[in-house]
Ligand code: CTP
């Protein structure tokens, strides 16, 4: 997303200015070309050299002394694909809200027509002050994006809202702003992760699913403007930003959540690795070794409901249903059989067993099979990219 994008990073004078350094590093790592504009007070917190070295560009702090160009503020404003002000102080927010242009940053921002993201950071009382809130409302109404500050212990020792969010979060939201909103107005229901079927209160039957592929799809769909509900089995991943996550454990719980959210969904993507079988009779207290007289332990299992098949039976002609198939043999034959058996529009199939694709990897390699017999090959790449290509194909097929 950020490769060769032109990002203007505005830094104002708050203690959180040090986090702007990390944000700059993340932007550069993601491939962005960054120009930094600092206010005079920002330079009291972080030196210009730091921003210059990391951005590999001159840093603008004074319109009259800094530059060879007489219209540097216009050059930068025209150059920018997006601008992010992090941290944004109450003073700069007030100036921007009222069109005051009395330093390099506020003057440049008056000429920016690209999307602008403001990340306020200050003491809680200042942040909640009616004037600051009014100014933020003005900027939001004018179409700029405001990122709410985090709550916690502030530099002034007060506890409350006012902390600059983590740089990765700001980067994530900037990516969302820059993403084309081709899923706007669409509701997407995604399932991810494994299901866990109890044997007794301390043991269970499950599988190796990490949830990474399903979470990547949910995140990509949200950034593309979709309203996403993610039904997730137990995974070690943070809840994605801007998404309703419903946590479940068993196949029965996943089935119930998927089916109760089904009617509202336009696109259903069933990535979860559901346990096909569950213990018939899960014990309410821990099975002790001595209960078994040192003999082999047999656990009788019964079949779980096939959630995707139930969804396929209920789906309307306007809904688009995608399944996933992890296979060890006969990929194409099994994938096509599952499309038919479960009444799917598309199935994303991959061969498991390789370390660079499948359950725990950060990369994946899948073949998309469609109901009409067509095929689309996604070679090995990061799951984030696979997710976006898969969504491109869904949108294309849905017309
Ligand atoms: N699936 C499901 N409910 C189940 C089993 C699978 O919803 N009880 C869904 C998965 O989420 C996936 C698709 O069906 O989208 C295919 O899952 P997979 O495990 O590959 O296929 P199965 O139907 O379980 O068949 P088999 O295990 O025999 O390959």
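Positions of Cβ are set from backbone N, Cα and C atoms, glycine also.
What TrEMBL says about this one:
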| type | residues | note |
| --- | --- | --- |
| REGION | 1-187 | region 'Phosphopantothenoylcysteine decarboxylase' |
| DOMAIN | 5-139 | domain 'Flavoprotein' |
| ACT_SITE | 156 | active site, proton donor |
| DOMAIN | 183-396 | domain 'DNA/pantothenate metabolism flavoprotein C-terminal' |
| REGION | 188-399 | region 'Phosphopantothenate--cysteine ligase' |
| BINDING | 276, 286, 305, 306, 307, 308, 324, 338, 342 | CTP binding site |
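This view paints the features noted in TrEMBL onto the structure.
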| residue | record | Cβ contacts under 8 Å, 6 or more apart |
| --- | --- | --- |
| 156 | active site, proton donor | 123 |
| 276 | CTP binding site | 303, 304 |
| 305 | CTP binding site | 251, 252, 255 |
| 307 | CTP binding site | 191, 251, 254, 255, 258, 259, 270, 272, 274 |
| 324 | CTP binding site | 213, 270, 271, 347, 348, 349, 350 |
| 342 | CTP binding site | 306, 308, 309, 311, 312, 321, 323 |
Can you break down the domain 'Flavoprotein' (5-139) into helix, strand and coil residue counts using DSSP?
64 helix, 25 strand, 46 coil
Distance in Å spanning the most remote Cα pair of 276, 286, 305, 306, 307, 308, 324, 338, 342, given for CTP:
38
Calculate the per-residue pLDDT averaged over the region 'Phosphopantothenoylcysteine decarboxylase' (1-187) and state the result as an integer.
94
